[in-house]
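**Q** Pasting the feature list from Swiss-Prot:
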CARBOHYD  Asn108  N-linked glycosylation site
CARBOHYD  Asn129  N-linked glycosylation site
CARBOHYD  Asn226  N-linked glycosylation site
BINDING   Thr348, Gln378, Arg490, Trp492  substrate binding site
SITE      Gln400  site 'Transition state stabilizer'
ACT_SITE  Asp401  active site, proton donor
Amino acid sequence: MTRIKEFFTKLSESSTNQNISNIPKKKKKLFLALFATLLVVAAVIGIVAGVNSRKNSGDNGNEPHHAILKSSCSSTRYPDLCFSAIAAVPEASKKVTSQKDVIEMSLNITTTAVEHNYFGIQKLLKRTNLTKREKVALHDCLETIDETLDELHKAVEDLEEYPNKKSLSQHADDLKTLMSAAMTNQGTCLDGFSHDDANKHVRDALSDGQVHVEKMCSNALAMIKNMTDTDMMIMRTSNNRKLIEETSTVDGWPAWLSTGDRRLLQSSSVTPNVVVAADGSGNFKTVAASVAAAPQGGTKRYIIRIKAGVYRENVEVTKKHKNIMFIGDGRTRTIITGSRNVVDGSTTFKSATVAVVGEGFLARDITFQNTAGPSKHQAVALRVGADLSAFYNCDMLAYQDTLYVHSNRQFFVNCLIAGTVDFIFGNAAAVLQNCDIHARKPNSGQKNMVTAQGRADPNQNTGIVIQKSRIGATSDLKPVQGSFPTYLGRPWKEYSRTVIMQSSITDVIHPAGWHEWDGNFALNTLFYGEHQNAGAGAGTSGRVKWKGFRVITSATEAQAFTPGSFIAGSSWLGSTGFPFSLGL
């Protein structure tokens, strides 16, 4: 550094002694450009030298907090980011005494980054040359960022109580669910700008901030998994038995569904709080109006009966509307229908006829429909981001992207899902049990994909599980199914995870079973499993030979994908009142 200073001193003296006005114009420009460049280089070197000097004069790497931080970050996918983000916090050494402290600090730093992104998006919305879809996509980003902030705050609160208040396994599943959803939200924001080249300049303006938050969430998730896995292993070893809560079941229902909610889902006589009737005979004429009038943040079940009729509207159950239940008069009689789609300027996220985010949502005896048709591309009938949500005796009908299982824990039982391309997709931990899943006739040249699962990180506790169900074709596809190949799924994201087990698969499914997304993308990192399926399309001898595909022969391995294990079903499904099975 001293030599650089000496050089610039001599250079400055030389330029002062020489009459610059005598230098030819072209040489003068070259001289000034060179001088400016060297100044920048010197400044950069000075900054780096200063940082190194501070590092050398400060923490020598032998301090206890340094070892804890380094050890914690070693379990992450982005250890350098993990370490540098926390090490940059003033007086970090006084705050880090355990891995739990490292995780909490990481969550707080991530929250600050998310808030920064929020303000950046608000600034972008002020641009005057935005297209319709860009505006919609930016509002999607504001919504998902708002949800991310809630998830991070909940994670910090849950972490502060860890390992008390709840069982270890419940703590682990709740924390991993929150961080998995927070990660998913970042990708959802960027996905809204991927429909055409015209809106990618806006995506570029957002990308760095969203990807940074996604990586920070990934690091927190990895550390949470490492901490909870270690603690649970210690408990199992010390008790010499499995954790009690891991084997608990309630009549085959996940335990997060209370006995009361189980009755609500199965009972033929339920007293609603309000009634929706298109003919004016109820409290409201539209479903959206009934939701808007529902109490916010409710801890008690709020029941909305939707009488027979066709309701042409788009409905959003926001995060503020918790524990809402829709009860229809029958899946062929109560129909909520819309036609938003990507071709006409919507995003996939906003195209949903019904979108549900409020925790604890239940629905039974209703059809959710999007009538946009196969030529309109992505057009969602039902989007679900509500944690601990369940659907019973419902139909989801559309073409491309019918059912968007966006995030969090979800359960579908006795439902019909019909569509064409990627018609069950998203990154929730979703189990579909005893459902009818039917491919429809697509446009000429299209292939049908039953699933497109969006797991983007190996530590996310997400995936799509289809159990004890029936996979077939609708009446319009059956006569021509040879012209429209149908597959069980393709990998939307790098760590896509889908399991089909104990189900009946007809010959509508191509012998290869699964299809690529784009060349070799994700073929080594995905997890696609099949277990004890039957039917003309269930044979596995002709299946793909990808590293990520496997035929599951072990009942123990398959058990991990049942509702009791995969969506912590023993702690909540009992409350829905819907029929279900927790195990194999």
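Glycine is no exception: its Cβ is also placed from the backbone N, Cα and C atoms.
Quick one: how deep are these features, and who are their neighbours?
**A** Taking Cβ-Cβ distances under 8 Å and a sequence gap of 6 or more within the same chain, the neighbours of Asn108 (N-linked glycosylation site) are Val156.
Summarising the environment of Asn129 (N-linked glycosylation site), the number of other Cβ atoms within 10 Å of its Cβ, over all protein chains shown, is 6. When secondary structure is read from DSSP and collapsed to three states, Asn129 (N-linked glycosylation site) falls in the coil class.
Taken residue by residue with DSSP, Asn226 (N-linked glycosylation site) is part of a helix. Around Asn226 (N-linked glycosylation site), the C-beta neighbours below 8 angstroms that are at least 6 residues distant in the chain are Ser72, Ser75, Gln99.
Residues within less than 8 Å, Cβ to Cβ, of Trp492 (substrate binding site) and separated from it by at least 6 positions along the same chain comprise Asp422, Phe425, Ala452, Gln453, Gly454, Trp517. In three-state terms derived from DSSP, Trp492 (substrate binding site) belongs to neither a helical nor a strand segment and is classed as coil.
Reduced to three states, the DSSP call for Gln400 (site 'Transition state stabilizer') is coil. Residue environment of Gln400 (site 'Transition state stabilizer') contains 30 other Cβ atoms, counted within 10 Å of its Cβ in all protein chains.
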**Q** Whole-number answer please: how many Å between the C-alpha atoms of Gln400 (site 'Transition state stabilizer') and Gln378 (substrate binding site)?
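**A** That comes out at 5 Å between the alpha carbons.
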**Q** Around the substrate site (Thr348, Gln378, Arg490, Trp492), what further same-chain residues have their C-beta within 8 angstroms of the site's C-beta centre?
**A** Gln400, Asp401, Val421, Asp422, Phe425, Ala452, Gly454
**Q** Given Asn129 (N-linked glycosylation site) and Arg490 (substrate binding site), what distance in Å do their CA atoms have, once rounded to a whole number?
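**A** For Asn129 (N-linked glycosylation site) versus Arg490 (substrate binding site), the Cα atoms are 36 Å apart.
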**Q** Please report how many Å separate the Cα atom of Arg490 (substrate binding site) from that of Asp401 (active site, proton donor), as a whole number.
**A** 13
**Q** For Asp401 (active site, proton donor), which residues of its chain lie six or more apart in sequence with Cβ-Cβ distance below 8 Å?
**A** Thr348, Ser351, Gln378, Ala379, Val380, Gly419, Val421, Asp422, Phe423, Phe425
